[in-house]
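Undergrad: Have a look at the structure that comes next, please.
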Amino acid sequence: MLSMSETSLTSLWVYPFAYNSREKQLKDDHFQALVKNPFSRTHIFSARGTDFSSSFTSKAGHLLVNRSRNNQNIDYNVEILKFCEVGNLQKAMELLFQREKMGLDVRSYCSVLQLCAEHKSLDDGRKVHSIINRNGIEIGGVLGSKLVFMYVSCGDLIEGKRVFDKIENEKVFLWNLLMNEYAKIGNFKDSVHMYYRMLELGIEVNSYTFSCVLKCFAASGNVVEGEKVHAYMLKLGFGSYTTVVNSLITFYFKCGRIESGQKLFDEMRVRDVISWNSMISGYLASGLAERGIKVFTEMLILGVRVDLATVVSVLAACANIRNIWLSRAIHVYAVKAGFDMKMSFSNTLLDLYSKCGDMDGAVCVFENMEEKNIVSWTSMIAGYAREGLFHEAIELYREMRKKGINPDVFTVTSILHACACSGSLENGMEVHEYIIEKSMVSNLAVSNALMDMYAKCGNMENAESVFSQMTAKDIVSWNTMIGGYSKNCLANEALNLFTTMQLHARPDDVTVTCILPACASLAALDRGREIHGCILRNGLCSDRFVLNALVDMYVKCGALVIAKLLFDKIALKDLVSWTIMIAGYGMHGFGNEAIATFKEMRQAGIEPDEVSFISILYACSHSGLLNEGWKFFNIMRNEFYIEPNLEHYACMVDLLARAGRLSMAYKFIKSMPLEPDATIWGALLCGCRIYHDVNLAEKVAEHVFELAPENTRYYVLLANIYSEAEKWEEVKKLREKIGKRGLKKNPGCSWIEIKGKVYIFVSGDSAHPQAKNIRLLLRDLRKKMKEQGHSSKQKYALINADEMEKELALCGHSEKLAMAFGILNLPAGQTIRVTKNLRVCGDCHEMAKSISKVLERDIVLRDSNRFHHFKDGYCSCRGYW
DNA sequence: CGTTTTGCTA
């Protein structure tokens, strides 16, 4: 824009009477170009008002040389420049094509390239490039720079870099330009590479270079290299450049070096609004919203100018700590400052409402927004997902796509979370397709969310496929996969991946809380101990989730004493800690200790929930504490107003049935306000077996078979009841029934861990290298049992007679094999710990008792129901199994 | 000649 004096002077000089016709003149492109043309005296005044003579002589002089050589040409160059000046790319291109053979001035090409860059017209730019090549014009110096600039501006970074590499370049500008472009597309590696190359070539770097390279190291979290840049920057005297220090502050915050960022900020002599905003958003992103707000307050006290970005960050900080009061104040402030009409402000407000659980408020903001962007939609979707309204989240995502809005990385991760939590595999797979289409898989957060979605939907194959295709994995990726395997009952896969992980990354608190349940489910005590060591080495033992998982692992691996020692050491025991310990005592048969722990918990001021009541009720039933169980059932309902669910009822039926109150249990089921399921009838069926009540068993079995026709466990149970009553005819009938249905018995299997390795045995296993020794040992033991008056209980037979014979011939059941293997391979005196996938068989139970006495070996056997500690011929279950 | 940077909500 011309200043007032210049305008008047200009106009007067060229057209003394032109004042009135000025508007008309401006409409005329051609004329306007003339006014600005380097040859007109006007140009000298308008563009370079100060130095009349030098500008005139240099420019005109240059062109005058051309004029003398080729009179025609001068006009073409001038004309092209004219069109460039007014921004008429089309005309300039036409002229360029027409006159390319005339040996046009390099400047003309430069001007057109500049215009192509401004218009972001890659097509035209390429055409200019080919004209240049066609006419054998040497690409270098200014022309080279312009070509690179054009390509980069038009988004063709690859071609830009190609031209750049061909030309001599010590100009820092182009280096910075390319570096920034690489950084913009997330290619930090190449950006940083250029920085190192600059240093090698001795190119003088400037503040732009430092800002860019710091951004790269911030993104990749490379503290070491970033600090080197920091030192070099100070050496070159950029320590007082506000933009560079701003970048440095952001870098330190992104690397988690908060104190360094704060220190830099404190020592800054000149701070601008960006310095302040960087601090606020730095704290916000580090999860320290309060400190961000504190920076904002300081800003207000010092009277620093606040801008939209400040308000947006502070409001987001308020949202994160759910500070409604401060949010309102800032809202009012924003309205006064006129920020409230901005989209980014509305987006933050919307997110604030949704984070505070006010989805109606969020919807209100959302619907009243004149313009919405991807952030608005994503915030809404994430809000619905956070509130557990997964269906709404998915619906809104659909609506958004219908509107033609392209989900970005944030949207995709939010919707995947909604799909994961609602188990909507189909929707999740649709999102996966979109992700592939937009090649978003390279994004870590997206891949992690995808894996989580597949894992939560139970599809570990697809999760594994995403995982294996990831080029870079972070701790979240590993944790998601390990946790996925763990939760999908693939404990061995979880453990194997954990081993692999340790070669690549350092486990964190989440990793160990994911892997410990896998050890627990396998009862892999040695692996669990290893992980305990890993926890100690990595300083993770102050995390309450880790401690709870650790206690749970020791409980489920049968090491109750260690579990209790650790439990006592937990300084802040939460409801979960207490529940784990109560359940632990329960499954090990220490009902009274469980009750004592429950009381302690209440004394500690922790209120039990429905889960802790399940634990205590099971503890009572495992120890046959009928009256205490009833008491807790009543306390739960009358004192804590917790409505019993199916699981609570199952506990009670179990309790009654084990205590021999079979008809009472039957009446109890009949009086339930909930529809009983197979587990509940199954518990009673179990009781029928213990107390040999064939008549009731048949009645109960009808219910069970109706509710769970596919579960072989119950057919086996009934068959056992028949065979124990020597009703062989009925056993046969049942066997035929099962055969007709094509059902297969869930094979019993047991395993034992020796020196960290798990050995698995299935019923009648003879393939094992030590099978012969095991057989001999068992035969020997059987003999000793008989001498002591134990009779072999042929009653513990199974449905299939052939199988039974085979098992007897080989001395049988998987738990016997595993126990024998333990005796043969573990040093004397060491407890034998065996785990079985089904309930322990009665004969094996007897044999274990005998082994514990005859061989003086302690045995801890975990079956699908509880623990059995065998010692001196007794079992901790005292018959309650 | 000038062209490029730093912060901003999910």
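Backbone N, Cα and C atoms are what each Cβ position is placed from, and that goes for glycine too.
TrEMBL annotations: computationally assigned, not manually curated.
Not measured: the values here are computed from a predicted model.
As annotated in TrEMBL:
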- A:789-881: domain 'DYW' (DOMAIN)
- A:171-205: repeat 'PPR' (REPEAT)
- A:206-240: repeat 'PPR' (REPEAT)
- A:272-306: repeat 'PPR' (REPEAT)
- A:373-407: repeat 'PPR' (REPEAT)
- A:443-477: repeat 'PPR' (REPEAT)
- A:574-608: repeat 'PPR' (REPEAT)
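Distances, neighbours, how buried they are, the whole picture for these features please.
TA: Restricting the average to the repeat 'PPR' (A:171-205) gives a pLDDT of 92.
Here the repeat 'PPR' (A:206-240) has Cβ contacts under 8 Å with residues 172, 175-176, 179-180, 183, 186, 188, 191-192, 195, 198, 246-248, 250-252, 254-255, 257, 269-270 of the same chain, all six or more residues outside its ends.
Long-range neighbours of the repeat 'PPR' (A:272-306) within the same chain, counting only residues 6 or more positions beyond its ends whose Cβ lies under 8 Å from a Cβ of the stretch, are 242-243, 245-246, 249-250, 252-254, 256, 258, 261-262, 265, 313-314, 316-318, 320-321, 323, 326, 337.
Counting only same-chain residues 6+ beyond the ends of the repeat 'PPR' (A:373-407), those with a CB under 8 A from a CB of the stretch are 343-344, 346-347, 350-351, 353-355, 357, 359, 362-363, 366, 414-415, 417-419, 421-422, 424, 427, 434, 438.
Here the repeat 'PPR' (A:443-477) is broken down by DSSP into helix, strand and coil counts: 26 helix, 0 strand, 9 coil.
Secondary structure of the repeat 'PPR' (A:574-608), assigned with DSSP and counted as helix (H, G, I), strand (E, B) and coil, comes to 26 helix, 0 strand, 9 coil.
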Undergrad: Give the nonlocal contacts of the repeat 'PPR' (A:443-477) in its own chain as ranges (CB under 8 Å, at least six residues past its ends).
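TA: That would be 409, 412-413, 416-417, 419-421, 423-425, 428, 431-432, 435, 483-485, 487-488, 490, 493, 504-508, 510-511.
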